[in-house]
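Asks: Before we start, here is the structure in question, set down as structure tokens.
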Amino acid sequence: MEETLKILVVDDDEVDRMAVRRALVKAGVRMEMSEVGDGNTALSVLSNTSFDCAFIDYRLPDQDGLNLIETIRSLNIKIPLVVLTSQGDEQIAVELMKAGATDYLSKFRISSETLAQVLRNAIRLYRAEMQTAIAYQQLRESHEQLVRKNQELERQRQQIQIQNLRLLEASRLKSQFLATMSHELRTPMNAIIGFSQILLRPKFGNLTGQQADMVERILNNGKHLLMLLNEVLDFSKLEEGRLELKPELFDLTKVINAVVMEMRSLAEAKKLSLLVQIDLQNPLLVNDPVRIKQILINLLSNAIKFTDSGSIWINVKDLPGSWIEITVKDTGIGIASKDFKYIFEAFRQVDQSITRKYPGTGLGLAIINSLVQMMSGKIFLESELGVGSIFTITLPRQLPLSNSSLSSSSVQDAREMIQPDHKVHHPKAKSNPNARKYHNLKL
Ligand code: ADP
């Protein structure tokens, strides 16, 4: 041992103390040795000075070694304690160790080797114990810290849960409010539209040119407002999961032609050509024609709204595996790819400023997205700023049964008309090869 050790010898017998000193010196232990003759003095010395080790005679004049060790440990004095026993004391060795002795040695076995060996072992053992205790303490502290952090996290989780519940409730109230308001507003709006239509009928009486112009404006604005109200009502129903598809067998070509006829005047007013191409082997679908029409009107009115010159195309074609694809393409302002994921969110518009050029609620694409999902279809977008946009929708020819309110026999009849080979196409089947074409743009 290179370091100088501070050693205390507690023994009333001076000869024994000397024997210890000699043995350690002979063993080459570098040390500063202090000596005391009784337990009480040992206690006061140990309380004020720190030592590397103490040798304690078991038989002291004021108390026995066991008492002294218990007191030292109860005062939390940290030091290796080696008890020097006399003949006949060996049997109390176990109690000494239990009380906190680090080791014991019979005085009759004291030699320079044994004493130095016991000293080294006691110090090594004690230091190892101290290190373990420190590590254990650190472990306990970090465990406590973890427990505290966990408690804090749990508290935060509960707070977030409460906030979530509040948000859900607020959102539910908002949807309810939207539904009630749009429903309530629709009634007077229908009256405004109805009465303006009556006013415009010749049999009601002749209006002056200016009067007819004003009534027509009331009618057109009323229709526009009704459309906005319907969007809000649909959106709130979709949010609450109250919107149901009403599937029936219908001719898609007829629906597309009707929509195109409705929208053509809007396109012509902006001098845009509206081109339609329908390549369907079988135009019959089992789906909700009203909602398909709504999807088409929304896509076309967006295409017209966001295109200042050029053309709008609507293409419909068969896809393998009883799927169809509807594409609406325009040469409009286009959409930056960074906005792709936002525009399908409710109330989101690329331009959200008050002074924006293009009017709208920002609900159209959110509604389309939900409807297409309900139909187990997919929607894809390709667009380039200043060049134009392509919205592509793929739909199964037949709605999955869970979405269908048709009786089972009429479903069977319809299936036979649209799928003569009776193969039922799973709505989520990955066999639609065109889906892969736009895979990166999938929303
Ligand atoms: P709205 O048309 O009422 O604003 P939508 O949900 O239909 O709401 O569309 C959201 C946004 O997506 C639009 O405000 C517009 O910024 C963008 N968008 C939709 N369709 C087109 C299109 N064909 N060309 C360019 N931008 C479009």
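Quick reminder: no glycine exception, Cβ is built from N, Cα and C everywhere.
These figures come from a predicted structure and were not determined experimentally.
Pulled these from TrEMBL:
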- 1-127: domain 'EAL' (DOMAIN)
- 6-122: domain 'Response regulatory' (DOMAIN)
- ASP57: 4-aspartylphosphate (MOD_RES)
- 136-170: coiled coil (COILED)
- 421-443: region 'Disordered' (REGION)
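Quick one: where do these features end up spatially?
Replies: According to its DSSP assignment, ASP57 (4-aspartylphosphate) is in a strand.
For the coiled coil (136-170), the predicted model reports an average pLDDT of 95.
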Asks: Long-range neighbours only, meaning 6 or more apart in sequence with Cβ under 8 Å: which ones does ASP57 (4-aspartylphosphate) have?
Replies: VAL10, ASP11, ASP12, ASP13, ASP16, GLY65, VAL83, LEU84, LYS107
Asks: Summarise the domain 'Response regulatory' (6-122) as counts of helix, strand and coil residues per DSSP.
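Replies: Helix/strand/coil tally for the domain 'Response regulatory' (6-122): 57 helix, 27 strand, 33 coil.
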